[in-house]
Structures are given as C-alpha cells and as structure tokens.
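K.L.:
Per TrEMBL, the features are:
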- 12-34: transmembrane segment (TRANSMEM)
- 46-67: transmembrane segment (TRANSMEM)
- 73-94: transmembrane segment (TRANSMEM)
- 143-164: transmembrane segment (TRANSMEM)
- 176-195: transmembrane segment (TRANSMEM)
- 215-236: transmembrane segment (TRANSMEM)
- 256-276: transmembrane segment (TRANSMEM)
Amino acid sequence: SLSAGLDLPGRFLFATLTLMTLIAILVFIEEAVYIYRKIPSSKRSIIIWISAAAPVISTTSCIGMWIPRSTMFTDFTAGIFFAIVIHKFLLMMIKECGGQKMLLRHFENSHFTISTGPCCCCCLCLPRVPITRQTLFWLKMGTFQFAVLRPVLIFLSVVLWSNGNYVLYNLSPKGPALWISCFIGVLTLTALWAVGIMFRKVRILLSCKNIIPKFALYQFIVILNHLQTAIINMLATQRIIPCAPPLSSTARGSYIAQQLLIMEMFLITVISRVFYRRKYHDLEPPECTAEGPGEKKEAH
C-alpha cells in the first residue's frame with residue numbers, strides 16, 4: 001500500500017492533511033447546525049450547499065491522496081458537486097435580494113451588464129440587457145445547464161473509461177478526453193458568466209450581507225479546483241514535474257494537486273464560517289431590509 005512506502009516526513013504530511021480534512025468536516029457540521037437553527041427555511045438548504053463546497057472538495061482530495069486508484073472518481077465527484085454549487089450560488093443572490101419578485105421590483109427599468117468575465121470582459125460594445133423575468137430565467141438556465149450536463153458528461157467519461165476508451169491525460173484529438181474536456185470547459189465558462197452578470201448587478205445592494213467576500217471565496221474555489229489542478233496536471237503530463245519512483249509524473253502531479261487542495265479548502269472552510277455565520281446589527285442600510293422584518297437580524 002501507499003502508506004507502507006512512506007518515510008517519516010511523508011507519514012507526518014499525510015496525517016496532518018487528513019487531520020485538516022477532519023477539522024474542515026467538523027467545522028462544516030457545526031456551521032450547518034447553526035444555519036439550520038438560525039436561518040429562515042427559504043435560504044437554509046442553499047447556504048448549506050454552498051458552505052459544503054470546500055469540505056467536500058477537501059474530503060475527495062483526501063480520499064484520492066490515500067487511495068490513488070480512486071483519483072478519477074474523487075475528481076468527478078467534486079466536479080459534479082461544485083457544478084450544483086455554482087447554480088445554488090446564483091439562486092442565493094436572488095434569495096438575498098428578497099426573491100425574484102423583490103429583485104425585479106428593485107431593479108425595475110434597470111439593465112444587466114453582460115460585458116463581464118470570464119467570457120466577455122473585453123467586449124465592451126455588447127448591449128446592456130433589461131432586467132426582466134425572461135432575462136432572469138436565462139441567467140438561471142446558464143447555471144442550471146452546467147448542474148445537469150456536467151454530471152451527464154462525467155457519467156459518459158466513466159463509461160468510456162471502464163471500456164478502456166477514455167484516458168484522463170491523453171489529450172490527442174482522436175481520443176474523447178480532449179473533446180469532453182473542451183465541452184465541459186465551455187459549459188463552465190457559461191455558468192460562471194451568468195453568476196458574474198448577476199453579482200455585478202447586486203453586489204452594492206447586498207454588500208451589507210457580505211456578498212463580496214462570499215463571492216471572492218466562491219471564485220477562489222473555482223480557480224483552485226479547476227485552473228490550479230489543470231495547470232499541475234498539464235505540467236505533469238509534459239514531464240515538467242519529474243517522476244519520483246514509485247510515482248510517475250502524472251501520479252506525482254495528482255498528489256501535489258490533492259495536497260494543495262486539502263490545505264486551501266481547509267482555509268476556505270474556516271474563513272467562510274466567519275462570513276456565513278455573522279450576525280447583523282439592528283441598524284441596517286435600507287436596502288438590506290428587502291426581505292422581511294423577521295429575517296434581517298439573522299446570520300447569513
């Protein structure tokens with residue numbers, strides 16, 4: 001087994017990272033209990049889903065670290081979960097505005113700026129889109145398609161992999177891995193674009209509800225889970241990360257990515273607890289009282 005082949009520093013590192021994962025899980029459970037007790041039922045499940053993103057990624061990375069053969073399945077599990085979280089984050093912003101009706105009423109005769117990242121930040125000539133029930137529907141569809149189609153594509157990948165047709169690091173045009181990865185990339189950018197458009201509109205309205213740090217944490221998870229892992233895997237595939245027997249370059253790259261993710265997700269779990277548990281003072285800016293008198297004192 002892998003643990004038997006580790007030297008003393010290696011065992012210490014594995015033990016420390018496993019402990020960090022366990023602490024992250026315990027912090028999340030404690031936070032989930034608090035949210036369940038203190039937050040209105042309309043927002044409860046959404047906030048628990050979003051808070052679970054970092055601990056789930058940390059747990060899957062820890063399993064992948066201990067059981068190297070499971071890496072493909074743990075990566076896919078984290079990918080599916082985070083696809084749902086992106087959709088939930090968009091819904092949370094709408095809920096924090098008091099729901100769809102309240103949002104439409106507040107932004108009546110206003111417009112969405114669609115020249116925003118990650119797709120169209122350079123396309124300043126794009127027209128501004130009126131905020132209507134229809135445009136809100138399309139923004140929701142932008143994240144919902146990702147939450148539905150990513151699990152379907154991942155299931156297809158597992159089927160092809162079990163048949164020997166899908167090799168994770170084989171990015172030749174003849175293999176399915178490249179095309180599936182590109183398609184997932186397009187879906188991801190579309191979903192992140194929808195969230196970016198919504199955030200750009202509501203960030204001032206929801207600033208008193210910590211939406212800016214919450215969005216920053218969500219962006220960090222996106223970058224670390226997708227971009228960082230992709231860069232490390234690419235370096236490993238090109239043999240820039242050298243092999244260290246008995247580990248090949250790709251296996252070593254996978255280990256580095258998992259160990260970094262465990263540490264990063266541990267920090268994000270602890271920091272997000274601060275922002276999702278914060279109690280607000282009785283005196284809030286008028287724009288924060290959009291929901292109802294009973295909700296404004298609760299933690300978000």
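Backbone N, Cα and C define each Cβ position, glycine as well.
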K.L.:
Between 46-67, 143-164, 256-276, who has the most Cβ pairs under 8 Å to the transmembrane segment (73-94)?
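P.N.:
Between the candidates 46-67, 143-164, 256-276, the best contact partner of the transmembrane segment (73-94) is 46-67.
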K.L.:
By a Cβ-Cβ criterion of under 8 Å, what residues six or more beyond either terminus of the transmembrane segment (143-164) are in contact with it?
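P.N.:
Same-chain contacts beyond the flanks: 72-73, 76, 79-80, 83-84, 86-87, 89-90, 176-177, 180, 183-184, 187-188, 190-191, 194-195.
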K.L.:
What residues in the same chain, six or more past the boundaries of the transmembrane segment (46-67), come closer than 8 Å to it by Cβ-Cβ distance?
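P.N.:
Residues 2-3, 14, 17-18, 20-21, 24-25, 27-28, 31-32, 35-36, 39, 74-75, 77-78, 81-82, 84-85, 88-89, 91-92, 95, 214, 217-218, 221, 225, 254-255, 257-259, 261-262, 265-266, 268-269, 272-273, 276, 300.
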